[in-house]
Every structure is written in C-alpha cells, then in structure tokens.
Amino acid sequence: MALFSVEHLAFIFGLLGNIISFLVFLAPMPTFYTIWKRKSSEGFQALPYSVAFFSASLLYYAFLKTGAYMIITINGIGCFIETVYLLIYVVYAPKKSKLFVMALILIFNVGGLGLVMAVSLLAFHGANRVSLVGWICCIINLAVFAAPFSIMRRMIKTKSVEYMPFTLSFFLTLCATMRFFYGFFINDYYIAFPNILGFLFGIAQMILYFVYKNAKKDDTLNIEVDPDKDVEKNLSLEEAKDVEMVSK
C-alpha cells in the first residue's frame, strides 16, 4: 500500500507551492519600502506588477474547475498584494506614470480579463470553456516565464550578477517545481506544462549566476565609487527584481 495517495501528494505539493508563491509575492516589499521612504516611484517600473496582477486575476480559470481551492486561495492573495503594490506606486508616481499605470490596468485587467470572460461565457460551454481559459492561462504563464530573458541577456553582456538576485531565482525555481507536481497529480497540464519552462529558466539563471558570480571581482576592486552611478545601479537592480517577480 502506498504511503501517500495521489490526492495527498496533490495537496502537499499544492500547499508547498502556495507557501512559496506567497513568499515570492512578498519579495518586492523592499522596493515599495524604498518608494515610500523616497516618496517617489520615479525610476521604478510598474509593468511587472501590472502583468503579475493580471496573471493572478486569472483565478477565473479556477472557478471553472471543481475543487481548485489551492489556485483560488493563492491567486486571491496575489491579487490583493499586487493591488496594494500598484496603489503605492500610483500614489508616489509622477502624473505621466499614474496615467500609464491606469492604462495598463484598463488594458490587462479590464480589457484583457473582460475579453477572456466574455468570449468564454458567450462562445464556449462545458469542457470547451475550461479548455479555452486553460490554454489562455498557459500561454500567459509561458510569456511570464520568458520575461527573465532580458535579465539573462544583460548578465551575459555585463558579466555581472548584480542584476540577478540569486535568492529570488532560487525560490521561483522551487515554486515552479511545486506547481509542476501539483498540476501533474491533479491531471491539469495547463498548470504543469508552463512550469516545466519556469523550472528550466530558473536553473539557467542560477547556472549563469555561478558562472559570472566572481567574473568582475578583480576589475572592481580599485574603482572609485561614484554616488550618482551607484544610485543608478541600485535602481537597475530593483528593476531586475521587478522583472523577476512577474515569473512567479
């Protein structure tokens, strides 16, 4: 007799995935503490949070399935956290950035989600409706997991790991692993498949990190610190973290 049934394994991996996803959702908190402390979001990007909000709001897929309480729980929490992030960003953003963020929300969460719901409800029924929304979620997740490509390219070009936080990459890889097994054990390949790509990208990021971890060590020992450049470097690091967050 097996020690764990398929249902038990699905619950274990689903719970672990939710815990890790929650920690990943909290990862940008230092960024928003910086924004609050500076009373300005200038220099930071809102796009990653808008896309993450849209991705989390696709919990509509979970409502079409039976017993998908794991997805509903973590995506509901994600929607709340991303909403708070976007509100803080908008409060301290210049007028032009405020308008841009509002446009992103209208495009993704009103237009995009509204279109998905309207088409699925009006043109599809039963299993076909679930399949349509599942494929849409799968494609969006694949696009989200591909987002770190720009950071990986920058790391190779600069031979520096300052734009790639290792801890975040590690937890995102771990999260993708948990999500893959959760999808596998509940026979939901719309969840399992994109997380294979997420796992592979995560491994690639960590390999690159170790390859370039000490690449510029000798070159930077005698460089005089320029305060202005140091600020720019810190902002670049924060932007890199923002892009990484989208692939949760």
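Heads up, the Cβ atoms here are built off N, Cα and C, so glycines get one too.
The feature transmembrane segment is assigned by TrEMBL to 12-34 (among others).
Taken from TrEMBL, the feature transmembrane segment covers 46-63 (among others). Long-range contacts of the transmembrane segment (46-63) within the same chain: residues 28, 69, 71-72, 75-76, 78-79, 82-83, 85-86, 89, 93, 97, 100-101, 104-105, 108-109, 112-113, 116-117, 130, 133-134, 136-137, 140-141, 144, 147, 190, 242-243, 245-246, 248, each at least 6 residues beyond the stretch ends and with a Cβ under 8 Å from a Cβ of the stretch.
The annotation transmembrane segment is assigned in TrEMBL to 69-92 (among others).
Per TrEMBL, transmembrane segment is recorded for 99-124 (among others).
Taken from TrEMBL, the feature transmembrane segment applies to 130-151 (among others).
The transmembrane segment annotation in TrEMBL covers 163-185 (among others).
Long-range contacts of the transmembrane segment (191-212) within the same chain: residues 71, 138, 141-142, 145-146, 148-149, 151-152, 155-156, 159-161, 164, 166, 169-170, 172-173, 175-177, 179-184, 247, each at least 6 residues beyond the stretch ends and with a Cβ under 8 Å from a Cβ of the stretch. The feature transmembrane segment is assigned by TrEMBL to 191-212 (among others).
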